[in-house]
Amino acid sequence: MRLYPAFFKAAFSWMDPELAHTLGFAGIKLAHRTGLGRVLSRVTAPDEGAEVNVMGLTFPSPFGLAAGFDKGATGTHALTQLGFGHVEIGTVTGQAQPGNPRPRLFRLVRDRAVINRMGFNNDGAEAVAPRVAAALQTLAQESIRTGRRRPVVGVNIGKTKAVGLEDAAADYVRSTRVLAPYADYLVVNVSSPNTPGLRQLQELDALRPLLLAVRAEADRVTGRRVPLLVKIAPDLADEDVTAVADLALELGLDGIVATNTTIAREGLGLRTNHDDVAACGAGGLSGAPLRRRSLEVLRLLKEHAGEQLVLVSVGGVTTARDVMERLDAGASLVQGYTAFLYEGPFWAGRINRGLRRAAREGR
């Protein structure tokens, strides 16, 4: 019997979503500090047979937590104890910023979705970098102690709101300079709808010099090749999706994260009352309604790029079956986030058990 849905309804459904997130994350970190997280990890951890080798990295499993949950690397170790094979930190910007005014996070409970216009609220790259370094050190020590594979830690970087588009590349380079030395991989986020003008950076004339600058800086400051990916929006036309894929291939990027949240409200099959959705205002919608388009983009990218790009699929992932569907469609890695808010702290563990059953049954 699953108790979390009833607990969510009683404890969180009446609460401001952002406050609920803060309290829930605090609970996860408390479990870690008290040693409960270590106990939980014995039942949530993926099987050793679930390991995947991607971008020169070994992931304990193909399923991880998307950017947006742990924006400042304040609970990375705690999150890995819940069973995620990787955690993507961020989005982190070159400068600290408070994000957009509240309220800025809204639930569509009937659709198991959320609308957010957070606006990259974060502490800035210079504050986050030492936390990432500390998390990696702790995870490495735990890996030695337990003999289990260390979860992978990626970092997602975005543009500071106060920085103009003409200076965007320099802002991304600033983040790269301090974060790349500690990131297992880097994701360039040019697809959030909540920073004015950001999605214009998906246009090839703007994206090419930005990615070249980030690649060069990552190589310069690390002395190693840090895997580099770009995260795209589901709202791109198909021809623009393939154009970004061609650019990624041209520049030697490692992969594409597909997709971010959508600004669409029509054509998603929403069950929430139209007026209630409209009352939420602007922002990116994530969760179950994004599943179809996210899968479409994944299949399009796989058909276009074949094995030449690593594809990380995110958007509408809730169950182990969803994860397997994305892997079968060509994803190397799969991420989730919104379902975590509805499914609770044992969500990744349930997905790992589902993947384990599927492997035993030869699926």
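Residue numbers in this text run from 1 along the chain shown.
Backbone N, Cα and C define each Cβ position, glycine as well.
Same-site candidate for FMN binding, as annotated by Swiss-Prot with A67, G68, F69, D70, K71, T91, N156, N189, K231, T259, G316, Y337, T338, chosen from G37, G119, G124, G287: G287. Within 10 Å of K231 (FMN binding site), counting C-alpha to C-alpha distances, fall the following of the recorded positions R117, G119, N189, S192, N260: N189, S192, N260. Highlighted in sequence order, G68, T91, G99, S192, P193, T195, G283, G284 have their Cβ within 8 Å of the centre of the Cβ atoms of K71, N116, R117, M118, G119, F120, N189, N194, N260, T261, the residues recorded for substrate, and are not part of that set. Proximity to K71 (FMN binding site), defined by a C-alpha to C-alpha distance within 10 angstroms, is shown by none of the recorded positions R117, G119, N189, S192, N260. In this structure, of the binding-site residues R117, K231, the smallest number of CB atoms within 10 A of the CB marks R117.
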